[in-house]
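Novice: Below you'll find the structure I mean.
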Amino acid sequence: MGMSGLKLLKYVLFFFNLLFWFCGCLILGFGIYLLIHNNFSLLPSLTLGNVLIIVGSIIMVVAFLGCMGSIKENKCLLMSFFILLLIILLAEVTMAILLFVYEQKLNSYVSKSLTDSIQRYHSDNSTKAAWDSIQSFLQCCGVNGTSDWAGHPPASCPSDPQVQGCYAKAKLWFHSNFLHIGIITICVCVIQVLGMSFALTLNCQIDKTSQALGL
């Protein structure tokens, strides 16, 4: 690979990471907005705002290392970018395996947490907003049905007394969209692998160019 190839690779990696840095900014900003205005949450230990802030921050840090490492041709930053992407990829694979192994325990935990969150419907605005949004979107009611609501179900529940619970509807939605979720997951992994490959190739090419120039 000559100098023209090195420049091309450098700028491809730079703009690739710049795009992801802007995406990270948007995710982080949206997470902060949710945290301030309406912390959308059903599970006590997990809120949408917190998740988006963490994801956005990680994307911004990784993309920043990729941008600066490529444009400055800095081997240290490029290897840091490579290692962070590798750690994230391994974490995703580990999480997928754990979700598969502990699927039943996770189902029980989610079901219990959703049932507990119903008790906070009238006292917590974020929980109320979360339940109303989910019940309207999935056309469901409660965790397992209308009987989960003490007294009269909220207005966001469909009027049909035989309506399905949101837990079953959510699982059905997930299974019906499994192909799309799988394609998105594979695309994310491919992008990560490409980013790692570009970073490693650019790092090696910097070495070769330095040796050729006698640096």
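Glycine too: its Cβ is placed from the backbone N, Cα and C atoms.
Relevant sequence annotations retrieved from TrEMBL are reproduced here:
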type     : residues  : note
DISULFID : C140-C166 : disulfide bond
DISULFID : C141-C157 : disulfide bond
TRANSMEM : 12-36     : transmembrane segment
TRANSMEM : 42-65     : transmembrane segment
TRANSMEM : 77-102    : transmembrane segment
TRANSMEM : 178-202   : transmembrane segment
Novice: Across all chains shown, how many C-beta atoms besides its own are within 10 angstroms of the C-beta of C166 (disulfide bond)?
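Specialist: Taking every protein chain into account, the count is 25.
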Novice: Give the distance between the Cα atoms of C157 (disulfide bond) and C140 (disulfide bond), rounded to the nearest whole Å.
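Specialist: Computed Cα spacing between C157 (disulfide bond) and C140 (disulfide bond) is 6 Å.
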Novice: To the nearest whole angstrom, what is the C-alpha distance linking C141 (disulfide bond) and C166 (disulfide bond)?
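Specialist: Per the Cα atoms, C141 (disulfide bond) and C166 (disulfide bond) stand 6 Å apart.
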Novice: For C157 (disulfide bond), just count the other CB atoms lying within 10 A of its CB, please.
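Specialist: C157 (disulfide bond) is surrounded by 23 other Cβ atoms within 10 Å.
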